[in-house]
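**Q** Pasting in a structure now, in structure tokens, and then I'll have a few things to ask.
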Amino acid sequence: MPFCFHQEKCDCCAHFPHGCFECCIKCLGGVPYASLVATILCFSGVALFCGCGHVALTGTVSILEQHFSTTASDHALLSEVIQLMQYVIYGIASFFFLYGIILLAEGFYTTSAVKELHGEFKTTACGRCISGMFVFLTYVLGVAWLGVFGFSAVPVFMFYNIWSTCEVIKSLQINMTVPGDQICVDIRQYGIIPWNAVPGKACGPILENICNTNEFYMSYHLFIVACAGAGATVIALLIYMMATTYNYAVLKFKSREDCCTKF
């Protein structure tokens, strides 16, 4: 889109009686705002999920090694899985950065700005096929990311249970009703470490001290932020679904008509 600072340098200004201002307003009217909002939301959500999730997983391994599984062989498999997940996070961040830019470019391609600034608006079978591929891929990613969102809520649930147990211990100490040593959290019941892991559980003041450590505090809140980032990415993909579906319909059914899309 040309910059309308000088009328003699702006080709589209000659077509509007009020000069460059009307030209620029017309250009802005063809921006795919839905795709733009979805791209910003997708980038933000993926960045939160990947960045916070990576640091939170590192803190989780530290907590397990120090308090729940002192033998390295007991949590060796878990450490390998977490390390693999961290590498997957790098791939997810790179993929969605490129895919978001591609979908945003596809949204601009099907706007009225492209039609009005570059002449006759024509599509080919290959172009419609590529647009349809984006629709299918976006739907698949949306369903897959729903699973990622549900999976990211699992560590939040686990950390919340530990935190709430610590709060119960504090309240019991204040009320002097039941000894806090009888309140325990057994990580082995979640299946992340084997049943023969030592000690496998923490009770009373030991559990309370775990909740007061920086690793627990940071990991708990980072998992919450990562889960929120996954939810934001789901919303962004839903917007992408609507945008790509609408754009595909325009390319397929209305390419011969004098119409435009601002989605």
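The backbone N, Cα and C atoms fix where each Cβ goes, glycine too.
Caution: TrEMBL annotation is automatic and unverified by curators.
Pulled these from TrEMBL:
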| type | residues | note |
| --- | --- | --- |
| TRANSMEM | 36-64 | transmembrane segment |
| TRANSMEM | 84-109 | transmembrane segment |
| TRANSMEM | 130-154 | transmembrane segment |
| TRANSMEM | 222-246 | transmembrane segment |
**Q** If you count every Cβ pair below 8 Å, which range out of 36-64, 84-109, 222-246 shares the most with the transmembrane segment (130-154)?
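**A** Result: 222-246.
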**Q** Do any residues of this chain, six or more beyond the ends of the transmembrane segment (222-246), have a C-beta under 8 angstroms from a C-beta of it, and if so which?
**A** 32, 34-35, 37-39, 41-42, 44-50, 52-53, 55-56, 59, 96, 103, 106-107, 131, 134-135, 138-139, 141-142, 145-146, 148-149, 152-153, 155-156, 159, 261, 263
